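Report on the structure given below.
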Amino acid sequence: MGPSRSFQNLLLLLLPLALALCSAAASGEASRRFWVENDTFWKDGAPFQIVGGDVHYFRIVPEYWKDRLLRAKALGLNTIQTYVPWNLHEPKPLSWEFKGFTDIESYLRLAHELDMLVMLRVGPYICGEWDLGGFPPWLLTIEPTIELRSSDSTYLSLVDRWWGVLLPKIAPLLYSNGGPIIMVQIENEFGSFGDDKNYLHYLVEVARRYLGNDIMLYTTDGGAIGNLKNGTILQDDVFAAVDFDTGSNPWPIFQLQKEYNLPGKSAPLSSEFYTGWLTHWGERIATTDASSTAKALKRILCRNGSAVLYMAHGGTNFGFYNGANTGQNESDYKADLTSYDYDAPIREYGDVHNAKYKALRRVIHECTGIPLLQLPSKIERASYGLVEVQKVASLFDVIHNISDALKVAFSEQPLSMELMGQMFGFLLYTSEYQEKHSSSILSIPKVHDRAQVFVSCSHGDVRKPRYVGIVERWSSKTLQIPSLSCSSNVSLYILVENMGRVNYGPYIFDQKGILSSVEIDGIILRHWKMHPVSLNAVGNLSKLQLIMQMTDAEASKVSIYGDSENKLQDVSLYLNEGISEEPAFYEGHFHIDSESEKKDTFISFRGWNKGVAFVNNFNIGRFWPAIGPQCALYVPAPILKPGDNVIVIFELHSPNPELTIKLVKDPDFTCGQ
């Protein structure tokens, strides 16, 4: 027998084995199925209990995604739940972002690699203590005004466009396609907002168009009749999950849940089991007892119910993306902290060596039999110590340098920040009025959210604008302005801060800036000039120190309160005149010797007032120790570097008199108390 004949015989012998292997592989792929039957979740033919937790990719630096997921897995979780914020992925119309913090596909694939399942909450509304509930703020500029979270045709067309980009990206990652996604949530707690079922039906139609019929769609609503009646759509075969206070008896609520699911399709699921709670500025930090939280979870898991911890790991509201809440009216406004620690078992900086993590971990093991993995190592943190800062410039000195001339606008009436294209941060409004001999009364009936008011003489005045006071959304809307005895008109400067858009409730259409007329002694001011304050290039702020070496004439060109006919005194005189009540930029530096010395740290702002901070051009968020409770901002190690590290601070009022900050190891939520 020749060599070729032997090879043919070998192929004949191996062919049945190859066919069998292919068949087995195909069968295995086909068996990848997740569904609900007999009021039980099933995965690949076996009953399955969801032990999940929310871990939001957009609240964690991407370098830490794997670390946080591993800590969630060591807690005993088999499933990760996350929102998808539209405003991060489409910050401008048709401008799509899916890199870095927004690389959701990489995050989902990473969960899959770690053998974790995913429940994906695609919105379009997410709530989540996130700016505008995840909606892009440019939606607020559309005319005629659209109605969010409704069957408004313009709104639906934009949702369709957004999902037409997002859903094809996640379709290959569905469980039936070999990926980790077992469930996809539409909307979020809609039953506590409205009852537009046509809107919900449309969302289901779009989701099915891109994701097919095999994926389990679900809704989440509060465990009360009214919420479930308004927010569920069982006729579309959409699974209804519930959330409720951890102090509640879960099983009567799970029984109510059955009434809003098809018969046999109501596996008990709390899709938001609250491990802690949110905190607003001016409140004490919210905490919950570890033992009582663990007991509440045990009541669900030990009776084969399913639960998703909200949050398993909270993370951080970096940048300007924190949300806010309102009460009985839109003036009853409270903004969320930069920290989204949430008193979750995995702390903001990843710590798991705490009572809550250990208590929940024991309960999960006891009730489900999920093996206990080795407890993750402690997170290394560093105290880099005291850092001296120097004042770089007053905002008024450099407004023309950090305000895009093409975006400066003139209008008879003040324009909203959104209409100015300034979606986040700050906007400076300027106008003039004729002064009386006595003081005047300034009135701004509607400002969102916080305005600092300054005045100066329009001509012949080389001094900085004089600080008058604050007008806040939640308090008095009037200010008394003292007489300046000007020979000319008085220039009025109003710096407005967008502190975060409302993310929940009836006042979610939350435009920012001055949203009413402005009056002086009952007379409406007109002829406004608006300067968007761009903080995108704070890394170049040191260059603004060149202003200090400019000639008087050059300085007059860049000063908002100078005119070309007036010679200003050397700007350095003002930059070194000491501590004053004005918005200004400060800069500090600290050195890290090597890559191995890079550690997580916190910047303590005790002694400072209110503002926003950047580390190596990364916006680590807002600080407001004057009212607390958060004193220190989290700085994850990946944004640091060996060598020189630069901290830029935009302080709205006055800095620590010693012009120092401190880099410390631990978080601190004791300010303002």
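Placement of Cβ uses the backbone N, Cα and C atoms for every residue, glycine included.
Taken straight from Swiss-Prot:
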ACT_SITE  Glu189  active site, proton donor
ACT_SITE  Glu272  active site, nucleophile
CARBOHYD  Asn38  N-linked glycosylation site
CARBOHYD  Asn230  N-linked glycosylation site
CARBOHYD  Asn304  N-linked glycosylation site
CARBOHYD  Asn329  N-linked glycosylation site
CARBOHYD  Asn401  N-linked glycosylation site
CARBOHYD  Asn489  N-linked glycosylation site
CARBOHYD  Asn540  N-linked glycosylation site
SIGNAL    1-20  signal peptide
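Features recorded in Swiss-Prot, as mapped to the structure shown.
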| residue | record | CB count, 10 Å |
| --- | --- | --- |
| Asn38 | N-linked glycosylation site | 9 |
| Glu189 | active site, proton donor | 20 |
| Asn230 | N-linked glycosylation site | 18 |
| Glu272 | active site, nucleophile | 21 |
| Asn304 | N-linked glycosylation site | 15 |
| Asn329 | N-linked glycosylation site | 9 |
| Asn401 | N-linked glycosylation site | 16 |
| Asn489 | N-linked glycosylation site | 14 |
C-alpha spacing of Asn401 (N-linked glycosylation site) relative to Asn489 (N-linked glycosylation site), in angstrom: 25
Residue among recorded positions Glu189, Asn230, Glu272, Asn304 with Cα closest to the Cα of Asn401 (N-linked glycosylation site): Glu189
Reduced DSSP assignment, Glu272 (active site, nucleophile): strand
Rounded inter-Cα distance in Å - the residue listed as 'active site, proton donor', Asn304 (N-linked glycosylation site): 24
Residue from Asn38, Asn230, Glu272, Asn304 whose C-alpha is spatially nearest that of Asn329 (N-linked glycosylation site), among the recorded positions: Asn230
Nearest recorded site to Asn38 (N-linked glycosylation site) by CA-CA distance, among recorded positions Asn230, Glu272, Asn304: Asn304
Distance [Cα-Cα, Å, rounded] between Asn304 (N-linked glycosylation site) and Asn230 (N-linked glycosylation site): 27
Asn329 (N-linked glycosylation site) - helix vs strand vs coil (DSSP): coil
Length of the line joining the Cα atoms of the residue listed as 'active site, nucleophile' and Asn230 (N-linked glycosylation site), in Å: 18
